Amino acid sequence: MTLSHDPTPAPSSATAAISLAPLEKTALETYVAPAKPSLVGMSRTALREALVGIGVPAGQAKMRVQQLWQWIYVHGARDFDAMTNVSKDLRTRLATHFTLARPEVVAEQVSTDGTRKWLLRLPGDGAAGAESRPHEVECVYIPETDRGTLCVSSQVGCTLTCAFCHTGTQRLVRNLTAGEIVGQVLVAKDRLGDWPDGVPPADGIVPTDGGRFISNIVMMGMGEPLYNFEAVRDALLVVADGEGIGISKRRITLSTSGVVPNIVRAGDEIGVMLAVSLHAVRDDIRDELVPLNRKYPIAQLMEACRNYPGLNNARRITFEYVMLKGVNDSLADARALVKLLKGIPAKINLIPFNPWPGTKYECSDWDQIEKFSEFVFDAGYSSPVRTPRGRDIFAACGQLKSATEKLSARERMALRAMAMTE
Ligand code: SAH
Ligand code: SF4
């Protein structure tokens, strides 16, 4: 085995060999789950243990972790053979036990406004037969002039059932692993050619932030991130690692519908920016819009926000407020909102409601949104109205939903019986 402390050499073409040709969605049945664990998303400690587990001497493990980290997160390696400063023997052993697999991209849609949505396929529950059908989640890239934001999912579906959210109509299927969360970032970078030797798509999209396509991450895709705390924490710490993907914690925002016990914990253990899906200022309205409010009512939520570590005027909590016509958009609501947030370093993000098939809600009229925003602004809070992005491809806030449905116990038994008789 060769020991090398050389800086990571230029990658071989193996890292660049990804097809950016348009994707044809393949049938679910064609999905083949990776046969071996992927190293993507492992913490440095877990990576070290994995290496020692395949016989890397403990004294070398730290250096090998560093090499792998660079290959995976700086160069985007998808193949151990690309790792030219790692000995052939170790590359072979790595390939025998592990992969660098990310979620499989099975569809890519590009909005007229440049937003991109990827449908990703993941291993199912792992049981034999029809039950192990793959799961699917969505991930969205939103380019703007001064930044490029990746909206990442934390769960397949969601346990919560916010009345205005399309994802909420999909029962929780399962939590994503840290690898699957980090994997979404790698997949987006693959598709955008956002690696040192990457080739951007041919449709004229340009990097927005000093040559990088992805400058910001928002945990605002499918699922409630604070109900998948450990995996989300571990994934975000990998994404923020300065020697890898290196997206600073100030540019990562975690959005929660209000899982109070985990809010302060998120500040302590992850330290990213917090967004809270408030949406109403009275418990009776919020109980209906965000049913989790019945468990953690507004007063408790505000208390947790006040205690969020590291808050100051430069590090404020974003309160998200979906504008629903005739439900929560009156000036009395705006007044109560300002009162509620008193003393919390806050900004308010007004989100025009994005419709989806079957919803009973309507978006507030534009002049009402403007009046609401002005009132909040005049009270001293930044109150931008979020421009809906990617509505034409169902990629806007709250429109994500994948076809994966959790099966009932009876459906599972029926499918198992079918699989056994086939
Ligand atoms: N589950 C987390 C994060 C994902 S949703 C949460 O609820 O905070 C990201 C934001 O979009 C949340 O503020 C959510 O309430 C909002 N949202 C959901 N459905 C929406 C819709 N149809 N139109 C506009 N915003 C919506
Ligand atoms: Fe889940 Fe967030 Fe949608 Fe509520 S708004 S159902 S928490 S994804």
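In case you wondered, yes, glycine gets a Cβ from its N, Cα and C as well.
Listed in TrEMBL for this protein:
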- E138: active site, proton acceptor (ACT_SITE)
- C397: active site, S-methylcysteine intermediate (ACT_SITE)
- C158, C162, C165: [4Fe-4S] cluster binding site (BINDING)
- G223, E224, S255, S277, L278, H279, N354: S-adenosyl-L-methionine binding site (BINDING)
- 144-392: domain 'Radical SAM core' (DOMAIN)
Overall pLDDT for the domain 'Radical SAM core' (144-392), taken as the rounded mean: 93
C165 ([4Fe-4S] cluster binding site), number of other Cβ atoms within 10 Å: 28
Rounded distance in angstrom between the Cα atoms of S255 (S-adenosyl-L-methionine binding site) and C158 ([4Fe-4S] cluster binding site): 14
List of residues, in chain order, with Cβ under 8 A from that of S277 (S-adenosyl-L-methionine binding site) and at least 6 apart: C162, S255, T256, S257, G258, V290, E320, V322
Spatial neighbour of the residue listed as 'active site, proton acceptor' that is closest, considering only the binding-site residues C158, G223, H279, N354 and their CA atoms: G223
Secondary-structure category, per DSSP, in which S277 (S-adenosyl-L-methionine binding site) falls: strand
[4Fe-4S] cluster site, defined by C158, C162, C165: further same-chain residues with Cβ within 8 Å of the Cβ centre: L160, T161, F164, H166, T167, G168, T169, E224, S257, G398
G223, E224, L278, H279, N354 filtered to the binding-site residues whose C-alpha is within 10 Å of C158 ([4Fe-4S] cluster binding site): G223, E224
Spatial neighbours of C165 ([4Fe-4S] cluster binding site) among the binding-site residues E224, L278, N354 [C-alpha, 10 Å]: N354
